[in-house]
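A.B. asks: Look at Swiss-Prot and you will find CYS59-CYS292, CYS72-CYS84, CYS107-CYS153, CYS296-CYS320, CYS488-CYS492 tagged as disulfide bond. Here Swiss-Prot flags ASN27, ASN28, ASN40, ASN286, ASN304, ASN498 as N-linked glycosylation site. Annotation source Swiss-Prot lists S-palmitoyl cysteine at CYS555, CYS562, CYS565, citing sequence analysis. Taken from Swiss-Prot, the feature topological domain 'Cytoplasmic' covers 551-566, and the record attributes it to sequence analysis. For 530-550, the entry in Swiss-Prot reads transmembrane segment.
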Amino acid sequence: MKARLLVLLCALAATDADTICIGYHANNSTDTVDTVLEKNVTVTHSVNLLEDSHNGKLCRLKGIAPLQLGKCNIAGWLLGNPECDPLLPARSWSYIVETPNSENGICYPGAFIDYEELREQLSSVSSFERFEIFPKESSWPNHNTNIGVTAACSHAGKSSFYRNLLWLTKKGGSYPKLKNSYVNKKGKEVLVLWGIHHPSNSKDQQTLYQNENAYVSVVSSNYNRRFTPEIAERPEVRDQAGRMNYYWTLLEPGDTIMFEANGNLVAPWYAFALSRGFGSGIITSNASMHECNTKCQTPQGAINSSLPFQNIHPVTIGECPKYVRSAKLRMVTGLRNIPSIQSRGLFGAIAGFIEGGWTGMIDGWYGYHHQNEQGSGYAADQKSTQNAINGITNKVNSVIEKMNTQFTAVGKEFNNLEKRMENLNKKVDDGFLDIWTYNAELLVLLENERTLDFHDSNVKNLYEKVKSQLKNNAKEIGNGCFEFYHKCDNECMESVRNGTYDYPKYSEESKLNREKIDGVKLESMGVYQILAIYSTVASSLVLLVSLGAISFWMCSNGSLQCRICI
């Protein structure tokens, strides 16, 4: 009876003890992050670094509308294909949009020489001035400028020709040698385009130009070329057996371009004074134009995001996140989210930072939970929480700032004869893309690992801070909790939290209670030893009596014979 009483008193003493625990915040977040060592770690707070959504629209870029070429491509627009007349007034744009199946390019069959290079040059142009470089009425008085039309470039059912070129033919039965020049006084680069006609037979050559041995010479400071017509039979394209090759050059400010020919020249009529602008570009897209504004445009749609990475499209125009192949880039800012199991009781797993966090502590990341005669409650440690928030916020901002180099990324241009170069370029681009993706993912993994370790360290430091104050005035009971050997009211609890706990004040009371508890433990241990001995002896006696009874019964019925020899 005495032993039972002592054990009961011991249990009551443990139940009534004042307790303080160190723990961390938990919530109902389902955010998961990856670290170097773990995948899908549930955390209380995190930030997404990867943009994966767009609006599916073509938008104005910083308030400036794009130039939609519609059914025309770059060649048709610049040469002046009659079907592209609606594009003639275009003067400025934020970016240029081609459709994948644009059908109106060069209308008279032939080849546009160095077309891909021209597209590359144009991708950095944001506006131009279209002007008459060689006025039609005065530049070629000895040549016909009116009959050079073709059904291949028909418009409204009638034969026509490019709006920016003049097809010069003989006049009055002759094609005298022509010489004409232009001096660039625009103060900017001027794009000049011209063509060379290659008839299919000598009859057409004589009909159009009279001279059989014709030539065309085009010369500037940076360009010097002499062309000879190639007269040969060819299969018809767009009902034309002849061909026309198209050429271009950029004329620097102050430079002069000179044309000399005695036949087959498709002369410049209009030229373009170019104004380059950073952030322009050419994209190929089927998306439609809408009344919207953006800072970043992709062929799939506009991106309005300040995140450093995106996985939508590698081609971008404007201030855009860096394209990576990652499916997820999430950086942790909070803690591991392991809400404690409520049914285990307040000071079981719920109390500690080992088995779980506290959903009840909402005003900080780290803090305390106490229980005494005045009640119980949570209190966040504001100083350590604020220091952690500041540190992590600065780190996240630094990562975003370093990686958030927003820029335009347009595709490179290659013609059909440069497939090996194009394939090599794709491999190089893929290599750089893999490196960028790897660097981005590794950066996030490392920073997530460091952040979670940082939180663990902060909780441990808070625990050690309390432990160093309480010393032997309390005992560690696991899960981040301490059980006081003395009464600790709310004022006492607050002193532990703010680091002003008066150890000497409670030392004597703690010493007495500690000795009482130790005494109960010793006496309880003696009682248990006596009970153990008694239990052993009693069990042995019961066993002997049972064996004797069984032996007597077996002897009496003859099952067992007993002989005693003297």
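Just so it is clear, glycine is given a Cβ too, placed from its N, Cα and C backbone atoms.
Thinking about packing and proximity, how do these listed features fit into the structure?
C.D. replies: The Cβ of CYS59 (disulfide bond) has MET289, HIS290, CYS292, ASN293, THR294, GLN297, ALA302 as same-chain neighbours under 8 Å, each 6 or more residues away in sequence.
Around CYS72 (disulfide bond), the same-chain residues at least 6 positions away in sequence with a Cβ under 8 Å from its Cβ are ASN81, GLU83, CYS84, LEU87, SER102, ASN104, GLY105.
CYS107 (disulfide bond) carries neither a helix nor a strand DSSP state and counts as coil.
Note on CYS488 (disulfide bond): other Cβ atoms within 10 Å of its Cβ, all shown chains, come to 27. DSSP gives CYS488 (disulfide bond) a coil state; it is part of no helix or strand.
Look at ASN27 (N-linked glycosylation site): DSSP puts it in coil. Sequence-distant neighbours of ASN27 (N-linked glycosylation site) (same chain, 6+ residues apart, CB-CB distance under 8 A): THR44, ASN337, PRO339, THR359, ILE362.
Counting only same-chain residues at least 6 apart in sequence, those with a Cβ under 8 Å from the Cβ of ASN28 (N-linked glycosylation site) are PRO339, THR359.
Following the DSSP three-state reduction, the secondary structure of ASN40 (N-linked glycosylation site) is coil. All protein chains included, ASN40 (N-linked glycosylation site) registers 9 other Cβ atoms within 10 Å of its own Cβ.
Less than 8 angstroms from the CB of ASN286 (N-linked glycosylation site) sit THR99, PRO100, each of them six or more residues away in the same chain.
DSSP assigns ASN304 (N-linked glycosylation site) to coil in the three-state reduction, placing it in neither a helix nor a strand. Listed in sequence order, the residues of the same chain lying 6 or more apart from ASN304 (N-linked glycosylation site) and placing their CB within less than 8 Å of its CB are ASN55, THR294, LYS295, CYS296.
DSSP assigns ASN498 (N-linked glycosylation site) to a helix.
Averaged over the topological domain 'Cytoplasmic' (551-566), the predicted model has a pLDDT of 57.
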A.B. asks: CYS84 (disulfide bond) has how many other Cβ neighbours within 10 Å of its own Cβ?
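C.D. replies: So the Cβ neighbour count for CYS84 (disulfide bond) comes to 25.
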A.B. asks: Between the Cα atoms of CYS153 (disulfide bond) and CYS492 (disulfide bond), what distance do you get, rounded to the nearest Å?
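C.D. replies: The separation of the Cα atoms works out to 95 Å.
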A.B. asks: At the Cα level, what's the spacing in Å between CYS488 (disulfide bond) and ASN40 (N-linked glycosylation site), rounded?
C.D. replies: 41
A.B. asks: Could you tell me the C-alpha distance between CYS107 (disulfide bond) and CYS320 (disulfide bond) in angstrom, no decimals?
C.D. replies: 37
A.B. asks: Just the number: how many Å between the Cα atoms of ASN40 (N-linked glycosylation site) and CYS492 (disulfide bond)?
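C.D. replies: Computed Cα spacing between ASN40 (N-linked glycosylation site) and CYS492 (disulfide bond) is 41 Å.
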A.B. asks: Taking DSSP three-state, what's CYS296 (disulfide bond) in: helix, strand or coil?
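C.D. replies: In the DSSP reduction, CYS296 (disulfide bond) maps to strand.
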A.B. asks: Just the number: how many Å between the Cα atoms of ASN498 (N-linked glycosylation site) and CYS492 (disulfide bond)?
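C.D. replies: ASN498 (N-linked glycosylation site) and CYS492 (disulfide bond) have their Cα atoms 10 Å apart.
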A.B. asks: Ranked by the number of other Cβ atoms within 10 Å of their own Cβ, which of the disulfide-bonded residues CYS292, CYS296 ranks first?
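C.D. replies: That would be CYS296, with the highest Cβ count within 10 Å.
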